[in-house]
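Some notes on the structure that comes next.
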Amino acid sequence: MSKLRVAVLGAKGRIGSEAVRAVEAADDMELVAALGRGDSLDALIESGAQVAVELTTPDSVMDNLDHCLRHGIHAVVGTTGWTDERLAHLRGGLDASPGTGVLIAPNFSIGAVLTMKFAQLAAPYFESVEVVELHHPRKVDAPSGTATRTAQLIAAARAEAGCAPQPDATTTALEGARGADVDGVPVHSVRLRGLLAHQEVLLGGEGETLTVRHDSLHHSSFMPGILLGCRRVVTVPGLTFGLEHFLDLG
Ligand SMILES: NC(=O)C1=CN([C@@H]2O[C@H](COP(=O)(O)OP(=O)(O)OC[C@H]3O[C@@H](n4cnc5c(N)ncnc54)[C@H](O)[C@@H]3O)[C@@H](O)[C@H]2O)C=CC1
Ligand SMILES: O=C(O)C1=N[C@H](C(=O)O)C[C@H](O)C1
């Protein structure tokens, strides 16, 4: 059976360099290109890549994806910075490239995907929910893509269940003290030397609290999700948002 031809964009970065090793080690894949900032995207076409794994920066991802879609190359995207406007632009590119698939995964680790599921499930049963994400200090964006997605899922679950707004008597606060407001859910970002990628969802009700915590301790935690994404994205045209859609979570 022929191997899946995979390229990695952002190949010298923290997660990109790990992805290069993971693709090289996968029996069913061939690493055909490993591109860094400044490398010509023509190499993607010349390499015959079927899938591009996009692990660059929020300022590069859109141009890279535009290029992939123009050439019918499927994409597995871990890069953060997604807004409604960016998603609308991407959908336009996909409409013009029928048959091409793009997976955007706010988080490739199974534990983080489950954290989001658990938080979504629990959120309607508690009066208060806040998200705390903790990352290494070289991260350029805040809140994390995972925390933003988690808060959006929580807010949607609470809206669907008809939950009242969260109790909060704050009338004066130093700017930022209550975190960022993502669809009504406070999200707090910590940047700390020694950490990699961590998240807590704090839920509070009458006389009880529940904490759902996930820790990525090494970039290897993201690799099974990236490889799964490459295998599946070539079979699912259009936009898939969230790795959970490629997992059988029941
Ligand atoms: N979805 C997930 O599970 C994960 C997502 N991430 C996200 O992946 C992105 C990268 O994270 P890190 O590796 O920590 O950052 P990093 O800064 O270590 O790596 C990014 C790399 O991309 C390169 N780059 C920038 N523009 C480029 C371009 N146009 N073409 C090719 N390479 C380019 C940079 O030179 C750098 O080497 C971030 O948005 C981060 O949030 C990181 C870990 C897990
Ligand atoms: O920058 C990182 O490191 C990570 N970025 C992603 C995010 O913003 O959610 C995924 C994970 O948290 C690691």
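Residue 1 is the first one shown; counting continues down the chain.
Glycine too: its Cβ is placed from the backbone N, Cα and C atoms.
Any TrEMBL annotation is an automated prediction that lacks curation.
Per TrEMBL, the feature active site, proton donor/acceptor maps to H135. According to TrEMBL, the feature active site, proton donor maps to K139. Sequence annotations record features per position, and here TrEMBL assigns NAD(+) binding site to G10, A11, K12, G13, R14, I15, G78, T79, T80, A105, P106, N107, F108. Annotated (S)-2,3,4,5-tetrahydrodipicolinate binding site per TrEMBL: H136, G145, T146, in sequence order. Annotation source TrEMBL lists domain 'Dihydrodipicolinate reductase N-terminal' at 5-108. The domain 'Dihydrodipicolinate reductase C-terminal' annotation in TrEMBL covers 111-247.
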Which recorded positions of T80, F108, H135, T146 contact ligand 1 in the sense of C-beta under 6 Å?
T80, F108
For the recorded positions listed here, K12, R14, H135, which shows the highest count of neighbouring CB atoms within 10 A?
H135
Per-residue pLDDT averaged over the domain 'Dihydrodipicolinate reductase C-terminal' (111-247), given as an integer:
98
Candidates G10, K12, K139, namely the recorded positions, that fall within 10 Å of T146 ((S)-2,3,4,5-tetrahydrodipicolinate binding site) by Cα distance:
none
Judged by the number of other CB atoms within 10 angstroms, which among G10, G78, P106, G145 is the least packed of the binding-site residues?
G145
To the nearest whole angstrom, state the Cα distance for the pair G10 (NAD(+) binding site) and the residue listed as 'active site, proton donor/acceptor'.
19
Report, in whole Å, the straight Cα-to-Cα distance of G145 ((S)-2,3,4,5-tetrahydrodipicolinate binding site) from H135 (active site, proton donor/acceptor).
12
Whole-number Å value for how far G145 ((S)-2,3,4,5-tetrahydrodipicolinate binding site) lies from F108 (NAD(+) binding site) (Cα to Cα):
11
What whole-number Å value do you get for the CA-CA distance of G78 (NAD(+) binding site) and G145 ((S)-2,3,4,5-tetrahydrodipicolinate binding site)?
9
Counting all other Cβ atoms within 10 Å across every protein chain shown, which of the binding-site residues T80, T146 scores highest?
T146
Could you tell me the C-alpha distance between the residue listed as 'active site, proton donor' and R14 (NAD(+) binding site) in angstrom, no decimals?
10
Determine the Cβ neighbour count for F108 (NAD(+) binding site): the number of other Cβ atoms within 10 Å of its Cβ.
27
Around H136 ((S)-2,3,4,5-tetrahydrodipicolinate binding site), how many other CB atoms lie within 10 A of its CB?
14
Please check each of the binding-site residues K12, G78, T80 and report the ones with a CB atom less than 6 Å from an atom of ligand 2, ordered along the sequence.
T80
